[in-house]
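Q: Before we start, here is the structure in question, set down as structure tokens.
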Amino acid sequence: MTVTFKHFVSADQVDNQTANELIARAEAFKAGATASYPDVYVSNLFFEPSTRTHTSFEVAEQRLGLKVISFDPTHSSVQKGETLEDTIRTLNAIGINIAVMRHPQADYYRDLMTISDTAIVNAGDGAGQHPSQMMLDLMTIHETFGHFEGLRVGIVGDISHSRVARSDAALLTQLGASVSFSGPAAWYDDSFASFGNFVGLDELLPQVDVLMLLRVQLERFDDVERESFAKADYHRQYGITEARAAQLKPEAIIMHPAPVNRDVELASALVTGPQSKIFTQMHNGVYMRMAMLEKIIQAQHNA
Amino acid sequence: MTVTFKHFVSADQVDNQTANELIARAEAFKAGATASYPDVYVSNLFFEPSTRTHTSFEVAEQRLGLKVISFDPTHSSVQKGETLEDTIRTLNAIGINIAVMRHPQADYYRDLMTISDTAIVNAGDGAGQHPSQMMLDLMTIHETFGHFEGLRVGIVGDISHSRVARSDAALLTQLGASVSFSGPAAWYDDSFASFGNFVGLDELLPQVDVLMLLRVQLERFDDVERESFAKADYHRQYGITEARAAQLKPEAIIMHPAPVNRDVELASALVTGPQSKIFTQMHNGVYMRMAMLEKIIQAQHNA
Amino acid sequence: MTVTFKHFVSADQVDNQTANELIARAEAFKAGATASYPDVYVSNLFFEPSTRTHTSFEVAEQRLGLKVISFDPTHSSVQKGETLEDTIRTLNAIGINIAVMRHPQADYYRDLMTISDTAIVNAGDGAGQHPSQMMLDLMTIHETFGHFEGLRVGIVGDISHSRVARSDAALLTQLGASVSFSGPAAWYDDSFASFGNFVGLDELLPQVDVLMLLRVQLERFDDVERESFAKADYHRQYGITEARAAQLKPEAIIMHPAPVNRDVELASALVTGPQSKIFTQMHNGVYMRMAMLEKIIQAQHNA
């Protein structure tokens, strides 16, 4: 039986069946399926900058025929000291059915889920959840290989600051893939051990079907971290140089949540290379967000 | 005969008949009536931050099927020294039929009303007018009691800085309600005497059907006022504590234009309590703004 | 045969036939012709402030039924160090068919034209191109006189900083008009000689059919230029005072790209006077931008 949920805030909500349903629906949208929900009002509340996630959600919303109501946090009553709860209560009173939100505070959505009928779709909370990114990653893998069972996935880089690494690893494992981690050892810790081992980068590369690079999120570093970080050093030690990429299997794919720090995580020439799925991920993101929004809308209509 | 008006800028434009017409139309929209004006172009020019008024107008506009054209004052040619008059002339030339505006300068709209065909809808001018707030207040009272005649309305708080207190008092009196004021005596002056008396808060509470709280607008205080203002003191002396609310008649309602300063004007627990109409006011605001915009549109079509 | 082009970035793309086609189509839109392209997604990327160009494009887009996706450069990943190329690749991946862009860097579009399917429409690059302004100028002249052949056009003012002066002069000459320049001699140079002579203002005025004033772009001056600039002096020496305007032929028209610096380039009383076409230019701009966008859309559909 299909699981319904009012809000879409956490990767933990996604079991195997839900993952497969969402992927199937997103692939159908990509193949040309359409849907129209013109009575649904949505507002995108981005308290952190993001071109790609914000724009992707807005295209998804318009493709579904939703009414998109603009919201600029820098001009909002949050400046007059209004709490996030009262902002959501306000939007609910005004008739906003869905609030797509990004906010720097982890778990910001906890207190917003029971106060009104407005559904919360989490588009990123600090270093926490980012379920639509996880789902578009999974869709891209599924689209490439047709299955998850037996795939070997390597996740490389700044695991500790990543919104997505932990939830991708958990769901991929659950779907039958095996996961390994690499990158700077200091960014790995025992909390990842249940999902996969930590291995050296040159050992990892020839084995994987999917190489998931993580973004070095310099903007989340503290001052000490930022000063000690040398881009060229990172690239030489932990980045995918053209030489390292030659160790990949020919059918292996390179993924990255973007924006890429060119010549840090990945050699610039490889960003648009034949094994890169980075822009395919973005493209798929629109269709996956359509599927996720539709799931919320259907739950509301059945409520 | 129905009064038509090209612009909607001041509470003074609203006589009893217009008030009743607008309330009836807003209540019809709330009950499901629809209208569609897809050839009308509207732009929302907010030179002061406001989540709720801006969003409420935009939802109203989209429910009426208008084309909403974005306008960001911080990116506009006003930065190149363009006058407000030339901005409106420009929007008119470009085909904007209605400009919904909030601006800190009182009476900013005076010089904008004769220069072009673009209708001005005033969404707040400094400490001056805010006709859509007045009308949604009246709609909420009418919806609750079914009439105005004989109602006792208490208006409490920062009357002197309030956009709405004076116009609400004037129209309510005209419609047959009686009005009293309370709060800090320094914020009352003789100019309010023709609408109602100033009475002590504990004398007022048992008598009223409608308790209209005003927002303490700290952001409009000068430095001396702000320094001497203690939130807890205000709450104890002039705020609606839970103890004071117990003096209200059971059928009395609590209103507030929002955002509420919780535990200043009103005890936090009462904001969403059973007598509070605060979120109903916001909800009604969308339908009232639909009625107001439609009135402007019909005047344009008959011109 | 009709010339098609994927991008619309430079005045140099416009030959006589294209100019006449675009003018005819824009005049048809002004006369009531409609078109609808609801499957086309467009985003307006304004890295420099501009009320009128941004709003005009957005009205044009909505009149064509396009889906307009918001983009705020100040909240974008450009802040995370993303290149303009990667921003366009991202928008392309997300499904944006047309990016209307204004950016302070001259020729910013060169590297964006070959990297994706997203069409670039240049809405101004620094002191470089501004093809939609050129085309709406031409439309306004054509609408007034019915032809270009034999018209005398005087271009007055800050030629050296102007996006439009050079391209207007080139295309007008090509279409059979004759062009002269006036204003401060220091702002004229030999690179304009192939289009027309430099003449004194009082000699110029009685001769022209079209007086095209250029904006003094104080915001592009360096500090030395700005300090030495006196508005009243400029107006007395090179501005169109009411006395000077009396020297114009009665049927001559005054044009200006706006925003006008009142009482600098033009006496304030003349801005909305009978010979001024300044607000007509803005009005025509919407229809011309519809024609330009449609030309791009048709090229995409035929690709």
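We number each residue from 1, going along the chain as drawn.
Keep in mind that glycine also has a Cβ here, set from the backbone N, Cα and C atoms.
Predicted automatically and left uncurated, TrEMBL annotations should be read as such.
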Q: Out of A:ARG25, A:ARG102, A:ARG226, which one does TrEMBL list together with A:ARG52, A:THR53, A:HIS130, A:GLN133, A:ALA258, A:PRO259 for carbamoyl phosphate?
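A: Looking through A:ARG25, A:ARG102, A:ARG226, the residue TrEMBL assigns to the carbamoyl phosphate site is A:ARG102.
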Q: Could you give the Cα-Cα distance between A:ARG215 (L-aspartate binding site) and A:PRO259 (carbamoyl phosphate binding site), in whole Å?
A: 7
Q: Among the binding-site residues A:ARG102, A:HIS130, A:ARG163, A:ARG215, A:ALA258, which sit with their Cβ under 8 Å from a Cβ of chain C?
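A: Checking chain C against the binding-site residues, the residues within range (Cβ-Cβ under 8 Å) are A:ALA258.
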Q: Can you work out the mean pLDDT of the predicted model over the domain 'Aspartate/ornithine carbamoyltransferase carbamoyl-P binding' (A:6-143)?
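A: Mean pLDDT for the domain 'Aspartate/ornithine carbamoyltransferase carbamoyl-P binding' (A:6-143): 92.
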Q: Need the DSSP three-state call for A:ARG102 (carbamoyl phosphate binding site) to compare against my parser.
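A: DSSP assigns A:ARG102 (carbamoyl phosphate binding site) to strand.
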Q: For the recorded carbamoyl phosphate site formed by A:ARG52, A:THR53, A:ARG102, A:HIS130, A:GLN133, A:ALA258, A:PRO259, which further same-chain residues have Cβ atoms within 8 Å of the site's Cβ center?
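A: Output for this site, in sequence order: A:SER50, A:SER56, A:ALA123, A:GLY124, A:PRO257.
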Q: Using the alpha carbons only, what distance in Å do you get between A:THR53 (carbamoyl phosphate binding site) and A:ARG163 (L-aspartate binding site) once rounded?
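A: Spelling it out, the Cα of A:THR53 (carbamoyl phosphate binding site) and the Cα of A:ARG163 (L-aspartate binding site) are 13 Å apart.
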